[in-house]
């Protein structure tokens with residue numbers, strides 16, 4: 001068979017015309033150091049701050065330090081399998097995390113990967129972990145209450161949807177319990193909750209998840225966990241991952257509660273990373289931008305304007321103090337960023353006052369705007385009464401001769417302290433909170449022995465549920481008090497049926 005040169009040349013030309021180059025251009029570098037969750041790489045001249053990079057073993061990292069000769073990278077995964085001399089390449093992307101309804105009821109790590117053994121997750125939607133907070137014109141004043149179900153909080157330091165309220169106190173003073181109770185109380189309130197556990201023991205997180213599951217709260221809750229055994233980079237990004245998940249719901253007109261437990265451990269993880277990356281240390285060896293670390297996170301919580309759907313994201317950050325020192329560096333930083341703080345005190349906790357809220361040091365900068373009308377009426381003077389009681393109580397230790405007015409104030413104060421106590425994982429509906437506070441402030445408890453106050457409360461709720469449910473419904477529906485004469489009459493009717 002004769003070979004025709006023109007046929008061969010036309011075939012070659014056709015092949016050349018149809019050729020599509022199947023190659024990828026990537027800027028690569030070489031790892032010069034790795035250890036303790038960070039790596040340094042030479043050769044990534046065009047890397048951007050916050051850009052994701054990929055190591056040769058598939059582990060991702062984030063560019064943090066852009067130095068003249070090399071790039072400081074935080075490793076988002078197992079850094080033990082990375083070796084000096086390995087290649088690392090730029091991806092041209094920033095870090096994103098899976099978001100969406102599919103995450104509800106799941107426990108995930110800060111990279112959005114499930115750690116609960118309930119199968120793979122693929123939501124089909126992602127959001128950047130670091131995002132710009134809503135601007136001034138995109139926000140609206142906080143006006144709707146977020147009921148925590150805890151009398152001491154809803155009456156004294158009310159929280160509104162879209163607020164940032166710091167929970168601060170020593171270890172083992174019930175900070176996590178306050179947040180878990182607040183999550184439990186959101187059942188049926190059209191609220192999605194995100195619990196971010198930062199640097200907690202894995203056994204502790206498991207206990208919290210089991211509590212939420214047992215009490216039906218995982219139906220509207222996402223748990224993000226970066227446990228104490230994980231590398232510092234994961235502890236550092238965990239709160240931002242939780243905020244990104246919350247923003248997805250907020251920008252779709254929904255209401256979200258995000259609990260950051262706790263930001264002290266995130267600050268310590270960030271300090272560790274910064275020192276390893278050789279950034280200049282400042283006060284207490286924290287880097288200069290440790291304030292910005294928390295402000296850019298907490299500013300993402302907002303009540304959006306009606307034009308943007310009116311959604312909200314409420315933040316409950318935790319800070320752990322040492323020996324009750326709320327003037328420490330990180331504590332004062334976060335106090336100045338948030339819209340109020342709830343201070344949990346050691347002495348109160350160990351004397352049996354739980355939740356151990358110190359009314360004098362706790363404040364909500366939103367205040368009455370985050371309370372229903374009925375609660376405003378019954379709790380108006382409660383805070384001042386409690387503060388003056390504490391003062392009088394301290395004063396009476398030095399003398400016993402008291403006039404009747406002082407004695408009456410002390411008696412009312414002791415009953416107030418009892419009323420504000422609450423058992424664990426038993427959040428109370430707002431109408432019942434209003435009822436017991438009304439009974440307290442209108443003197444119906446003055447003749448009840450202090451030790452019997454909680455028993456009186458339980459029996460009164462049962463009596464009202466059985467005989468005066470319509471009065472409770474008035475509070476639920478109108479958000480206002482029913483006629484005072486009717487309430488007084490009902491409480492007296494209850495007292496007549498008991499020994500009080």
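Every residue, even glycine, has its Cβ placed from backbone N, Cα and C.
For 169, 170, 171, 172, 173, 174, 175, 176, the entry in Swiss-Prot reads ATP binding site. The site 'Required for activity' annotation in Swiss-Prot covers 362.
According to its DSSP assignment, residue 175 (ATP binding site) is helical. Spacing of residue 170 (ATP binding site) relative to residue 362 (site 'Required for activity') is 14 Å (Cα to Cα, whole number).
Rounded to the nearest whole angstrom, the C-alpha distance between residue 171 (ATP binding site) and residue 362 (site 'Required for activity') is 17. Listed in chain order, the residues near the ATP site other than 169, 170, 171, 172, 173, 174, 175, 176 are 320, 344, 349, each with its Cβ within 8 Å of the site Cβ centroid. For residue 362 (site 'Required for activity'), the nearest neighbour among the listed binding-site residues (169, 172, 176), judged by C-alpha distance, is 169. Taking a C-beta cut-off of under 8 angstroms and a sequence separation of 6 or more, residue 172 (ATP binding site) has the following same-chain neighbours: 349. Residue 170 (ATP binding site) is surrounded by 17 other CB atoms, counting those within 10 A of its CB over all protein chains shown.
In the structure shown, the C-beta of 175 has more C-beta neighbours within 10 angstroms than that of any other entry among the binding-site residues 171, 175. Reduced to three states, the DSSP call for residue 362 (site 'Required for activity') is coil. In the structure shown, the C-beta of 169 has more C-beta neighbours within 10 angstroms than that of any other entry among the binding-site residues 169, 174. Considering other CB atoms within 10 Å as the measure, the emptiest surroundings among the binding-site residues 173, 176 are those of 176.
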